[in-house]
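Residues or ranges marked as transmembrane segment by TrEMBL: 34-57, 77-101, 113-130, 142-161, 168-185, 197-215, 236-258, 264-285. Look at TrEMBL and you will find 40-333 tagged as domain 'Sugar phosphate transporter'.
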Amino acid sequence: MNRAPLKRSRILHMALMGTSDLSGEAEASQGKPFLLRALQIALVVFLYWVTSISMVFLNKYLLDSPSLQLDTPIFVTFYQCLVTALLCKGLSTLSACCPGAMEFPALRLDLRVARSVLPLSVVFICMITFNNLCLKYVGVAFYNVGRSLTTVFNVLLSYLLLKQTTSFYALLTCGIIIGGFWLGVDQEGAEGTLSWTGTLFGVLASLCVSLNAIYTKKVLPAVDGSIWRLTFYNNVNACVLFLPLLLLLGELQALLRFAQLGSAHFWGMMTLGGLFGFAIGYVTGLQIKFTSPLTHNVSGTAKACAQTVLAVLYYEEAKSFLWWTSNMMVLGGSSAYTWVRGWEMKKVQEEPSPKVEEKSSLGV
């Protein structure tokens, strides 16, 4: 009974860290003093929070800032993918030149592998595009509620695609999330700040996040289980697929008319957004490595709460009690789902196998 959870854990670690052996890291972690491990965990969680929150606020500035007046969300997403692909290739070259200084997998563009990754790349493009479009049309404070249905889609897709059923308590937490989402939409409408376009993009982004997790597991063998190779191919494919969209949507023409096209500040902020996009994958993997997938989910929920409060304070918004209630329902439901799933997994691992029970009954 312990074999399946171990396999899932190993796949998750491979997906996020690009490795296939956890035993050495587990032994190294156990050998470290408690204070050192606590400081490492605190630093990693801090890095994850700072990177994630900074990326959201920076993307909001690039996508919907009155001072920029840049209406090219696809180009912003394209440029961030380009920066990520170049960073991956640069780090791979640096690792090959200085093997003792850092470790990074060798990256070579293989068209056969690129074609194998293409289905995931399409989902990946939809995910990051819908994320940015949601952020463009809704406020940062409502952003987490607007794209809060990822857990619900995980449960739905697990049943439709994998035929996996979900317990009553897990479904109950999903109901709380859905209730919080609808209450948030209602309160945004009551305050006159609701964007149905942004909300729709948020729902589509939630769906694509769930699909991305499913396709990632399927595609990982094509890149030898390396998340960095997968990141490289995903972003290279995205850059190629974004080019016709930029032409069809007229964003290249809009970019040429952009008043700050030659501004070093503008390109600096764009590049910084790409760096944050690259870094978020790394710090997410670090947080899971030094804590656990469940702790990572709890940390993400707490981060979302802090991000919402910061957004309300920064933009000097006044929110009603019911609006805050909707956020608490979404965050509480997400935390409860994480706890329920963790409890269920632990219970399955602790249950004795049928063979053990049979031997006990026979007195063997």
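Keep in mind that glycine also has a Cβ here, set from the backbone N, Cα and C atoms.
Pairs of Cβ atoms less than 8 Å apart link the transmembrane segment (264-285) most often to 77-101, out of 34-57, 77-101, 113-130, 142-161, 197-215. With a cut-off of 8 Å between Cβ atoms, the residues of this chain six or more beyond the transmembrane segment (34-57) that come close are 135, 140, 143, 273, 276-277, 279-280, 283-284, 286-287, 289-291, 299-300, 303, 306-307, 310-311, 314. The stretch in 77-101, 142-161, 168-185, 236-258 that contributes the largest number of Cβ pairs under 8 Å to the transmembrane segment (197-215) is 142-161. Ranked by the number of CB pairs under 8 Å to the transmembrane segment (113-130), the listed stretches 77-101, 142-161, 168-185, 236-258 are led by 236-258. Across the candidate stretches 77-101, 142-161, 168-185, the maximum count of CB pairs under 8 A to the transmembrane segment (236-258) is reached by 77-101.
The list of residues near the transmembrane segment (168-185) in space but at least 6 beyond its ends in sequence, with Cβ under 8 angstroms from a Cβ of it, reads 142, 145-146, 148-149, 151-152, 155, 194, 199, 322-323, 325-334, 336-337, 340-341, 344.
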